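Undergrad: Not my notes, these are from TrEMBL:
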BINDING   144, 145, 146, 147, 148, 149, 150, 151  ATP binding site
COILED    412-588  coiled coil
DOMAIN    49-396  domain 'Kinesin motor'
REGION    1-30  region 'Disordered'
């Protein structure tokens with residue numbers, strides 16, 4: 001709540017002095033993560049892939065100013081051990097020490113009340129970010145009583161120095177991507193946000209998606225079916241998704257916390273990396289490449305609580321029961337993982353929370369559990385329970401491996417394949433366009449040839465008419481000449497034609513004959529040109545017919561391929577539906593078997609019989 005945040009912020013201010021000393025010693029990270037940091041983290045990993053740390057929040061105003069005086073229950077030994085006691089003062093008195101319960105716990109790191117957000121991130125959360133950048137699955141789980149600062153540690157406040165793990169991790173991821181940017185490397189970041197409220201999984205970024213199911217396959221591992229994934233390009237976009245999800249997440253006011261989370265929340269960041277082995281071939285479809293997928297799960301659990309302290313009734317009481325039930329299932333899983341005798345069956349399926357965290361608990365993941373407690377005596381029992389829970393979790397062993405060269409489900413790889421596919425289609429389309437352009441050109445030539453043929457025929461007809469007209473005029477001229485010649489010898493008088501007249505007639509005759517011959521030659525040449533044009537048009541027609549047959553054949557082949565793709569897609573969809581039905585049936589059978597086992601144990605009429613049944617199960 002507000003008072004808890006104020007107390008944590010005051011603790012931040014108190015830690016400023018220590019921060020200066022740490023900075024002088026080089027204990028704070030002032031530079032962005034580099035590829036050298038990622039490789040060094042991978043090479044120097046000591047094999048402890050499940051770490052447990054403890055953070056003790058500062059006392060709240062209501063604890064300091066309550067009816068009872070504030071009593072501190074924690075004493076710190078270095079930065080990896082803490083002692084809790086009902087009476088810290090009695091620990092120094094050997095006579096009184098035995099009268100009060102005291103416990104000492106060792107963890108990978110212990111943060112006192114004056115710890116700040118930066119030191120928590122640098123010393124604990126940064127390793128998870130390095131693992132994610134290296135292609136591993138990583139998980140950070142915030143566990144503890146309600147009102148102990150889990151959400152504050154994970155999300156923090158807008159102030160730069162009070163920012164939580166999620167915004168700091170996001171900024172370092174994008175800083176790494178910016179530093180590594182080149183043609184040979186490509187990155188894609190996705191984010192999802194879900195909550196588990198009353199054992200129902202819902203999408204905080206798409207509130208209409210509720211009652212989602214947990215699935216598992218060999219390639220993807222455990223995943224939530226139907227959970228939306230949002231591609232993000234900057235820390236600002238991640239902050240927007242966080243704020244959007246926070247508005248949807250279920251919270252309520254209780255006696256222990258003014259803003260108590262009533263649901264488990266998981267913020268998921270997926271980083272895909274594609275690195276080409278040869279920068280010169282980065283744009284080639286056959287270029288060799290490495291493909292890695294890192295996944296960071298940031299889990300903010302709802303707080304464990306006792307009804308007598310929170311004062312829950314009605315709906316809040318039912319919420320508390322569901323919260324405690326899922327946390328109890330988490331405890332059972334951790335107990336089974338740390339007990340070598342019961343490793344044959346781990347009850348992951350007893351709750352949605354443990355099902356989602358299956359990879360994080362004993363699987364392919366680098367996991368950090370952050371236990372949160374209060375330093376006040378009034379929360380002694382809850383704090384002790386949290387410490388015992390966290391101490392048991394220290395024995396969990398995970399087996400993480402780099403998610404390298406996975407199946408085709410990686411979105412970045414899908415994008416690359418889609419780009420190559422589109423390039424191929426573009427090239428094919430370009431060829432089709434070129435073919436169509438050639439057909440259009442041929443069609444235009446045919447049209448022009450037809451037009452030229454029509455024009456030539458029209459011209460031929462016009463010339464023919466002119467020729468016939470001139471031929472008629474020639475005939476008239478010849479008739480006139482013949483008439484004039486006849487008149488010269490008419491009347492029975494013999495008249496001698498003069499030489500000049502004969503010469504004029506001969507000249508006129510030769511002129512007319514020459515024009516007639518020239519016109520015949522012109523008409524013959526035009527006839528030959530028209531004949532050649534007609535032959536070329538016939539050739540174009542044959543070529544167009546062949547092109548049309550080719551286009552018809554290609555269209556038929558494309559239709560056959562599309563039908564085959566649709567049939568294969570239907571088969572894949574049917575297979576997916578069948579697989580989901582089998583998984584649902586398996587979940588139901590498992591639940592029924594667990595129920596029958598419990599009924600059999602409850603109805604056993606003797607302790608020996610119960611022991612026999614327990615060993616059988």
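Cβ atoms are placed via backbone N, Cα and C, with glycine included.
Source: prediction; values computed, not measured.
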Undergrad: Counting other Cβ atoms within 10 Å of each Cβ, which of the binding-site residues 144, 147, 149 scores lowest?
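TA: Least crowded of the binding-site residues 144, 147, 149, by Cβ count within 10 Å, is 149.
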Undergrad: On the three-state reduction of DSSP, what should I expect for residue 150 (ATP binding site)?
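TA: In three-state terms, residue 150 (ATP binding site) counts as helix.
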Undergrad: Hey, of the binding-site residues listed (145, 148), which one tops the CB count within 10 A?
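TA: In terms of Cβ crowding, the pick is 148.
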Undergrad: In this predicted model, what is the average pLDDT of the coiled coil (412-588)?
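TA: Result for the coiled coil (412-588): average pLDDT 75.
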